[in-house]
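If you check TrEMBL, you get these features:
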type: SIGNAL; residues: 1-25; note: signal peptide
type: DOMAIN; residues: 35-113; note: domain 'Inhibitor I9'
type: DOMAIN; residues: 137-571; note: domain 'Peptidase S8/S53'
type: ACT_SITE; residues: Asp145; note: active site, charge relay system
type: ACT_SITE; residues: His200; note: active site, charge relay system
type: ACT_SITE; residues: Ser518; note: active site, charge relay system
type: DOMAIN; residues: 624-725; note: domain 'Subtilisin-like protease fibronectin type-III'
Amino acid sequence: MAERGAFSSFHSFLIVLLFLNSVLAVTHGHQDKQVYIVYMGSLPSRADYTPMSHHMNILQEVARESSIEGRLVRSYKRSFNGFVARLTESERERVADMEGVVSVFPNKKLKLQTSASWDFMGLKEGKGTKRNPLVESDTIIGVFDGGIWPESESFSDKGFGPPPKKWKGICAGGKNFTCNNKLIGARHYSPGDARDSTGHGTHTASIAAGNAVANTSFFGIGNGTVRGAVPASRIAAYRVCAGECRDDAILSAFDDAIADGVDIITISIGDINVYPFEKDPIAIGAFHAMSKGILTVNAAGNTGPDTASITSLAPWMLTVAASTANREFVSKVVLGDGKTLVGKSVNGFDLKGKKFPLVYGKSAALSLSQAKCAEDCTPECLDASLVKGKILVCNRFLPYVAYTKRAVAAIFKDGSDWAQINGLPVSGLQNDDFESVLSYFKSEKSPEAAVLKSESIFYQTAPKILSFSSRGPNIIVADILKPDITAPGLEILAANSLKASPFYDTAYVKYSVESGTSMSCPHVAGVAAYVKTFHPKWSPSMIKSAIMTTAWSMNASQSGYASTEFAYGAGHVDPIAATNPGLVYEITKTDYFAFLCGMNYNKTTVKLISGEAVTCSEKISPRNLNYPSMSAKLSGSNISFIVTFNRTVTNVGTPNSTYKSKVVLNHGSKLNVKVSPSVLSMKSMNEKQSFTVTVSGSELHSELPSSANLIWSDGTHNVRSPIVVYTGDFSQPSSS
């Protein structure tokens with residue numbers, strides 16, 4: 001992901017969320033000033049209310065100084081109320097004790113989560129895919145990331161009319177930054193401009209909504225047409241990451257984007273720690289976006305395959321894992337004896353098949369005592385004079401070491417399932433092939449090899465979850481399955497910033513290759529926008545349900561939790577099917593209030609998340625939230641159990657349709673699943689009908705969830721929901 005890594009006019013209630021910034025500290029008396037986010041919920045409806053003046057008055061009161069110059073960092077004043085300020089600890093405490101102030105918690109740095117993929121998913125180019133061009137042109141995707149490269153052909157406005165009338169945003173990209181009728185808005189929240197310097201934001205924006213650009217490649221690799229899911233839609237870029245992705249910038253982006261009028265938000269940002277919803281700026285921002293009809297799509301994270309590593313856990317967000325497609329890039333190694341080995345690399349260097357001498361790291365050690373560390377190509381253990389002009393062979397994947405030691409190419413042992421770009425010809429070999437290289441060393445006096453330029457390999461196998469993709473279960477709400485969905489995140493070719501070199505020098509490219517949940521996230525955001533073009537009035541939960549219940553079914557590829565629904569959620573996104581789901585599971589803002597109250601959050605905590613006063617008169621057990629998937633964590637494995645799930649579906653297919661239920665068990669589980677009623681007869685559109693799923697069994701496997709699929713079918717639509725029952729002890733990572 002690159003990772004964390006978002007409000008509208010709210011109700012008139014003050015909430016203050018204070019986020020500690022450990023970097024920006026200055027001395028004040030005997031205390032340090034820290035940067036805090038003061039989140040004050042909804043904007044008062046009074047016509048005479050001016051947020052900036054109110055914020056300054058608060059600062060003046062708590063600081064007790066004649067001058068508060070430099071204290072106010074920024075104000076939130078468009079979609080919610082609040083500000084960012086430098087405060088001492090005692091001042092923070094005084095703010096927290098003010099009338100209406102509810103919470104204090106620290107500011108954090110988040111991380112970014114980082115073509116053929118659309119064809120793979122069935123969203124064909126041109127007339128091969130049904131589209132609603134007028135509505136697509138009125139659809140706006142807000143991209144929260146590291147900025148954008150506005151001059152990219154992927155964001156050209158050739159053929160575009162003026163921005164949609166609903167657009168209320170501006171182009172505040174900075175000096176020499178120009179928007180157009182495709183890239184209709186830009187903002188940045190740190191000194192500088194909205195221009196992308198890493199390539200990450202440009203890449204994600206073009207995946208979601210970039211123009212179709214023919215004959216693109218990375219130095220001839222992956223040649224073809226690069227495009228987004230909805231090429232006719234508009235893009236608004238919000239640069240929330242400038243070296244770091246800070247909570248205050250993310251909240252500012254949500255504040256602006258909701259008021260600006262975006263339809264979908266894609267945010268390939270997250271944290272490596274889990275924070276309660278009331279202390280998670282993405283969860284808070286996404287809740288307010290949801291309340292205004294905007295779906296937030298968030299990357300699951302790149303900290304897999306550890307269980308419970310996922311940090312995007314709120315049910316009102318659509319959380320995306322990363323999986324393979326039908327293409328990968330390989331770089332072959334041809335040994336001097338003619339044997340060819342296939343390794344992983346995005347290698348754009350063409351050495352014309354020329355063979356060079358091989359040198360094993362161990363043989364290039366500076367001294368005999370350093371032979372062991374030289375095997376791993378530890379830089380201080382290698383003699384550069386023995387490496388220069390040769391192909392360096394290493395036990396570890398350290399391409400930069402080969403580059404700095406002046407090797408002509410490198411061969412590494414690499415067990416990863418994804419390739420990356422390096423500053424010299426590289427091939428990463430699996431263990432068996434790497435051992436073949438070492439055996440060749442022993443049999444030859446003058447070993448040599450050629451590292452070939454990468455090529456595209458297409459294959460027809462079911463998609464698999466990538467090792468880095470963060471896994472569930474959900475350690476905040478155990479009965480909400482996360483991630484929700486998966487999409488291609490492997491070696492995606494998309495637009496790049498001309499400030500971002502993929503190598504170790506100043507060579508720049510217009511299109512580059514990246515892998516991560518940062519890439520899978522905008523795929524699903526693009527699909528959400530595509531669905532919305534056919535159903536402009538659908539709520540975020542309806543779009544989310546359509547995407548989840550029409551997904552391709554996936555199966556566990558290995559044993560253990562990390563290879564099950566905790567890896568891929570409902571399955572792999574299917575863009576075309578998602579436009580016609582038949583039935584949807586709809587969740588309203590009121591339902592989410594009842595869900596939060598059902599988590600035993602008190603009224604104060606619910607206000608922290610929603611910005612609204614809630615009585616908690618209604619409570620819903622988390623497993624009975626009307627979610628498109630069903631999940632239940634049990635207290636032990638050696639017990640008999642009965643679990644019930646209550647759900648309601650809304651007919652969005654055809655009137656006078658009859659849906660029959662079918663249950664398919666997964667992973668060899670022995671669950672007993674009953675659905676009542678087992679048949680739903682829908683007479684009209686938008687009709688709602690409820691049902692109960694009862695799951696019983698005994699002796700759950702402690703290392704593998706028991707699961708099944710519930711499928712409602714009318715002969716045309718197959719509305720599938722995963723059912724997962726599990727046990728296990730998953731402790732929450734420290735949030736300190």
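Residue numbering: from 1, along the chain as shown.
Even glycines carry a Cβ here, placed using N, Cα and C.
Summary for the active-site residues Asp145, His200, Ser518: the Cβ-based neighbour count within 10 Å is maximal at Ser518. Between the C-alpha atoms of Ser518 (active site, charge relay system) and His200 (active site, charge relay system), the distance comes to 8 Å. Taken through DSSP, the domain 'Subtilisin-like protease fibronectin type-III' (624-725) splits into 1 helix, 62 strand, 39 coil. Straight-line distance linking the Cα atoms of Asp145 (active site, charge relay system) and His200 (active site, charge relay system), rounded to a whole number, equals 7 Å.
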